[in-house]
Ligand code: TMP
């Protein structure tokens, strides 16, 4: 069976990396071959672009420039790392993916959905996540967590924006989840991390069970489009 591709989305300080670590450890303990990665980044080419974007070096050229840079990084990441890993039966857990572009560059960056979707198609070439966990948290709480984590370091290109912008992003993630309930699951992240982790594990175990059932019924593996 082709590996599973699971992405984690949400605003700043929602706890994505902690939850990805817990889930990865749980799946590995259960014998799964797990690969943890992140965006922007994950492959050498994409990590180079990450530096350009998050330093704010491209901000002056506008959200369309940034959207194309995110997409260039994504395409490299998909082709160099994600697609080969999925083909090798690995379970890939990715910190941010297409929904971050839809929300940050699309909704709060003001780019047209048609442009965002066109760039997205080119960047992922069919590599749609099997599951997207959206960690939901009031923006104010997420920003406080992110500030605490950062310590003395300055806020990055996107963290530094206004509370209203962060709140709009939260709403935009929830709107994606409502529009694509097959792919997306919203998890309340405003709880102790152990509770959040338990819910995520239950969601992923259900997905694995459903997949195994489907492939035993059809006698086919669920390979991803090339
Ligand atoms: P992070 O690694 O701390 O999550 O930082 C990534 C930042 O980049 C975060 O503020 C969200 C933003 N971002 C976008 O604006 N668009 C994207 O497509 C991705 C992947 C991230």
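Using the three backbone atoms N, Cα and C, a Cβ is placed for every residue, glycine included.
What TrEMBL says about this one:
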- 10, 11, 12, 13, 14, 15, 16, 17: ATP binding site (BINDING)
- 8-200: domain 'Thymidylate kinase-like' (DOMAIN)
Ligand 1: which of the binding-site residues 10, 11, 14, 15, 17 have a Cβ closer than 6 angstroms to it? none
If you average per-residue pLDDT over the domain 'Thymidylate kinase-like' (8-200), what number do you get? 97
Check the DSSP secondary structure of residue 16 (ATP binding site), expressed as helix, strand or coil. helix
Looking only at 10, 11, 13, 15, which of these binding-site residues has the biggest number of Cβ atoms within 10 Å around its Cβ? 11
Candidates 12, 14, 16, 17: member of the binding-site residues with the richest Cβ shell (10 Å): 14
Look up residue 11 (ATP binding site) in the DSSP assignment and reduce it to helix, strand or coil. coil
Can you list the residues of the same chain, besides 10, 11, 12, 13, 14, 15, 16, 17, whose Cβ falls within 8 Å of the ATP site's Cβ centroid? 135, 137, 142, 145, 146, 189
